[in-house]
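K.L.:
This is the structure I want to talk about, given as structure tokens.
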């Protein structure tokens, strides 16, 4: 056991020597401290006996004294004055690594520390590593693993502990780190080389190895913040270039030096805290970072402190900062925004737990306002006036003062009218001045109340802090009387009347009342809007009458069976005021519209025609609409059929009964509604030269709904024959024109008691008819009168109009022939005419007894004087009279 301990002590000594080689100091300067920030000591077993030497730490105090007072933070270990670390009692390591701090004091009584790490290596490691306890963690000699004959070597069984080298070393370079040896160097000449980062890979040349001796060296100072660990591979080859060993991995760990100051994440930190905050209230957090090692050293262990506070009122230390977290909180009470709205702190961050390098930053703390000041009215009494009926009228401006921060919830005023149960007033806050603007929320009525005394209370958007009392103001409001417009009662009147309401009848009486009870005013009425001109109003009484027939189906003026008219009432006040009322006439439906088909124009193909759907429309309302009844009239059913398309009988299906000729057809369709209101509508139907559905209709001439081609040819032939007959009669009359003498004598030749007897009937029999009768057709004839004889009253024959149904054309011709035969005025005149009848005997007896004026015999004509005044002239001519 003693030999084993001596061997392990020798190994530790070799490790310590290697560490000294890497920790050379400049001779011209002395900096107190440990030679390394971290010491790593391997232990062969986890069970350590009392007095077991682990290793030795080196401390340079710059005083020349070889011994220094050390102490361990772990009570299980003891550090001698020369830096040797031993186990104080039997110890079992439960972890592969155990770390603790060793502290020492320099000549200025400043405490310094280093970290010691114990690594449990196991038996197989001890077998291949020969370390001196004085050589720290870096062995002086590294041996390639041996391969025993007959055994398969496991590469992972050979573990090389990391080699530590401090960063930022000073002195001459290159410096030896460790020597690498091969067991084959006794058999053959061995040459050594290294590869990896820092050797043949960037950064190239940081580490080199002597080709023959195997010494691994560092060529320049290292920077842990740039590269914290290097992984190299050592190679051993013979003189002919053959590998005598497998490559061995070497890990070089760069130990940290406190060469980086902490850096704040911001130059200026901003935070806020409410005024009046109690001690302990968190305000904000500052943070800093350090690029040094924060795992194995305290070089990045940052501690925060407050260096200064501005202003230092009301206390010097109003805030404190947590050393570890950087959280700034309130230390003492007394924060008042109105006195000190902001504080500026200078915060320091130092590594080595506050003992190392440091830096500073600013922390600006804003004291937030709280509602600790109530708004106050200034002044507290106001007076204003407002005209009645005005809404949103400005009455008065209420002034307040508030010491809280402007434009914050603790400053913004909220006004309330205390004694306003009907909510007739409202106070609006001016966002700029914070003043209260008192307005009317509803129209005031002078006749109801002439003056209001209001109490207005002011508060803030944010609730008061503490026991603050709201301020109150008194406002006196006088209502000014104005002439008010008449008011219709109700403002909208609804009246139901049938649409056939009689013209000139009174519909209703729509009147308004005068709200100004203190004034004696007269109201007149007139219609302001009557788009259909259906109404008129009595200007004195407001009675409304109809002036024209109303129509519910007038879509331009009637919406939803309602006709809207506006009535205005005007008083005679100063100024004149006018009120408006709305009259809603609900027109009750009357069955005044017969149903109509839609569409009325259709096209069918001649071959295999497709049926058409006809929709029945009726603008009336139920029950004056469906179900409808339909019927084809005027013989249309010969060629066409209709049937109902739905159970409600609101649409029809029209289709030809048989194949029809190409052309246009007139179909008479009779439709009747549920109340038997009917109407016959003519449908224009085109039969096209196509099959199935009509795409491009080829039309022919117009064809009657029931006529066939032979019937049409017969009618055309009859018309042609009639035209030829009329032409022949006109030619004949032009050759036999006779000028008739007037039947009565001229006015200047009128003589009493003189008759003309030379008119013998109607002249020649072949000319005794009116030529104008030849131009008459079978329709109604014009009336013929004479001015020489009294007219003879006789019945006018009734001619039947041409039927639309071609099947009735035969009856039409027969009946009209009979009517023509019984018409005495129709040619030819086949009755017996008497030409020698000269009328009955005259009351004046025959004139044949009178002698001619040429007779020589004297005649007595005195009796002519007895015949009266009409024969006086004749008596004077033949009687002689007194002139004789």
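Here the Cβ of each residue, glycine as well, is placed from N, Cα and C on the backbone.
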K.L.:
Looking at 56-76, 77-97, 98-118, 119-139, which stretch does Swiss-Prot describe as region 'Disordered'?
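P.N.:
That would be 119-139, per the region 'Disordered' entry in Swiss-Prot.
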K.L.:
Which of the listed residues, 36, 561, 840, 846, has Swiss-Prot annotated as phosphoserine?
P.N.:
840
K.L.:
Of the residues 265, 511, 681, which is given the O-linked glycosylation site tag by Swiss-Prot?
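P.N.:
Among 265, 511, 681, the one Swiss-Prot marks as O-linked glycosylation site is 511.
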K.L.:
Any idea which of 638-661, 686-709, 710-733 is down as transmembrane segment in Swiss-Prot?
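P.N.:
Checking Swiss-Prot against the ranges 638-661, 686-709, 710-733, the transmembrane segment one is 710-733.
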K.L.:
According to Swiss-Prot, one residue in 416, 562, 582 is annotated as O-linked glycosylation site; name it.
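P.N.:
With Swiss-Prot as the source, O-linked glycosylation site is noted for 582.
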K.L.:
Going by Swiss-Prot, point out which residue in 7, 282, 831 is annotated as O-linked glycosylation site.
P.N.:
282
K.L.:
Say a student had to find the phosphoserine annotation in Swiss-Prot: which of 35, 329, 842 would be the correct pick?
P.N.:
842
K.L.:
Mean pLDDT for the region 'Required for binding CTNND1 and PSEN1' (760-771), rounded to an integer?
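P.N.:
Here the predicted model's pLDDT, averaged over the region 'Required for binding CTNND1 and PSEN1' (760-771), is 54.
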K.L.:
Give me the DSSP three-state residue breakdown of the domain 'Cadherin 3' (378-488), ordered helix, strand, coil.
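P.N.:
For the domain 'Cadherin 3' (378-488), the helix, strand and coil counts are 0 helix, 51 strand, 60 coil.
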K.L.:
Please spell out the DSSP helix, strand and coil residue counts for the domain 'Cadherin 5' (596-699).
P.N.:
3 helix, 56 strand, 45 coil
K.L.:
Please list, for the domain 'Cadherin 2' (265-377), how many residues fall into helix, strand and coil according to DSSP.
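P.N.:
Tallying H, G and I as helix, E and B as strand, the rest coil: 4 helix, 50 strand, 59 coil.
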K.L.:
Please work out the number of neighbouring Cβ atoms within 10 Å of the Cβ of residue 290 (Ca(2+) 3 binding site), leaving out its own Cβ.
P.N.:
22
